[in-house]
Amino acid sequence: MAAGSTLLLLLLLPWLVPALLSPPGCKIRITAKGLELVKQEGLRFVEQELQNITVSDLHGKEGPLHYNISQVRVTDLQLASSDLHFQPQQHLVFNISDASISLRFRRQLLYWFFYDIGSINASADGVHIHTVLRLAKDEVGRLKISNMTCNASIARMQAGFSGTLRKVYEFLSTFIITGMRFLLSQQICPSLEHASLVLLNSLLDTVPVRNYVDDHIGIDYSLMRDPAISMDTLDLDFKGMFFPRTRENQEVENHAVEPVIKETERMVYVAFSEYFFDSAMQAYFEAGVLTIELQGEKVPKDLEVLLRATFFGTIFMLSPAVDAPLRLVLQASAPPRCVIKPSGTSISVSAFLNISLVPPGHPAIQLSSMAMEAKLSAKVFLQGKALRVQLNMRRFRIYSKQSALESLALFSLQAPLKTLLQLTIMPIINGRHRCCLCMAGAQQDAASFHLSLPAERTKKGVQIPLPEGMDFTKEVVTNHAGFLTVGADLHFSKGLREVIEKYRLAPTVPPRPSSPPAEPSADPHPL
């Protein structure tokens, strides 16, 4: 019996394992072309690090010669040949070949009764450096350089001597130069190790992991697994899940299609599944902000006349409340849902529309409660590192929740209400509040007008998880079945050194708040 159960488990294992691995909501691929751009910027950074190498003093005695070599500094660096490439499964390999390093140091020599002091110019040629960086996700889901191996060698070194003891220097130069070559080669790898494990990791700390998007929701960009590296690509799987700020630990199950990136022509590709957008709209829905309220003068005059005519009988029976202001409340009845097809992206919205009279000093009197269904087309685009969506109304219908007869009576309201949404609501979403996804909170004069739509700061969109100083250019969006991809090139708006120095003294991972802050700042910030 036990053997039969074990056999059954082994047969089911290939199907059980994928089921336990949740697909990513967001995926990023960096290609060999993108790595070439990173190499160019990284090479400048390596040059700066090697120029700051410090070599310990060299002193001692050799026969009648007492020597002290100090204040060694690099005066010039020539990196003739370099290469940065992927190495499966988790490594980047960086090689420098046939480089040269020019040095200047202070000499103090005592030979018998002759004492001499001055400077010596030297050069190290045929410098070869081989480094291998291992990439992995850390405990919070951030990409890190977890380990580094390094080998450095100097083929030859020479120094130019001058002065009254030049012949003595040339006679003993082999000993001095051999010592200097050894000390210099021993300092190259520690310098690069500090640059990688400390400085470059501080740059990776600028990649958002858990960020507040606005006053209502945040996003989880934690890595789900270690990066997958092939000979030509580096793939990163991010959770890509939004959450309401009132329930930051809430998990939304991902049943969407996993994004698949096959292309390698551009520097970088970013893929988003339907889950990415659905979790955002569900977070907004659970935050309770998918509500539109119009009252009194905020109701368009033509629509008010039509509504009063439609419900004339009911209003007439409510005297003396006949002249009371109208109130329209449009509230999502379920989280909107996103569908991505090769032909385009659409968002389906279901909502309740309640129409009431609001007599001053008296409770509101409901005239009608109807259901609304709308389908919006969505145009997704990137600007810098900000993901944005522009919405347009495609289909719209209303119907009564009470009876088919009332639905027939409401048919005349369908076109005016659609016009109201197109002329009043859609411009706010796509114009002044063009935003990350579609909805979040902003309030104006709550007594007469309440509109829960994107907050002012979400005009910046949702940041894509790339380090600070690196931006997208020439973006092209392509739709697939269940996901979309954005192919783009990269450029550095800031140098690596500039970003590293900016955050060097600042804490890289602030403590996560135990309760939602009162109001986030205008710039994205980690939790």
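The backbone N, Cα and C atoms fix where each Cβ goes, and this holds for glycine too.
Unlike curated records, TrEMBL annotations are generated automatically.
As written in TrEMBL, here are the features:
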COMPBIAS  508-527  compositional bias 'Pro residues'
DISULFID  Cys150-Cys189  disulfide bond
DOMAIN    29-247  domain 'Lipid-binding serum glycoprotein N-terminal'
DOMAIN    262-488  domain 'Lipid-binding serum glycoprotein C-terminal'
REGION    507-527  region 'Disordered'
SIGNAL    1-19  signal peptide
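Across all of the domain 'Lipid-binding serum glycoprotein C-terminal' (262-488), the predicted model scores a mean pLDDT of 78. Cβ neighbour count for Cys189 (disulfide bond): 17 (other Cβ atoms within 10 Å of its Cβ, all protein chains included). Its own atom aside, the Cβ of Cys150 (disulfide bond) has 17 Cβ atoms within 10 angstroms in the protein chains shown.
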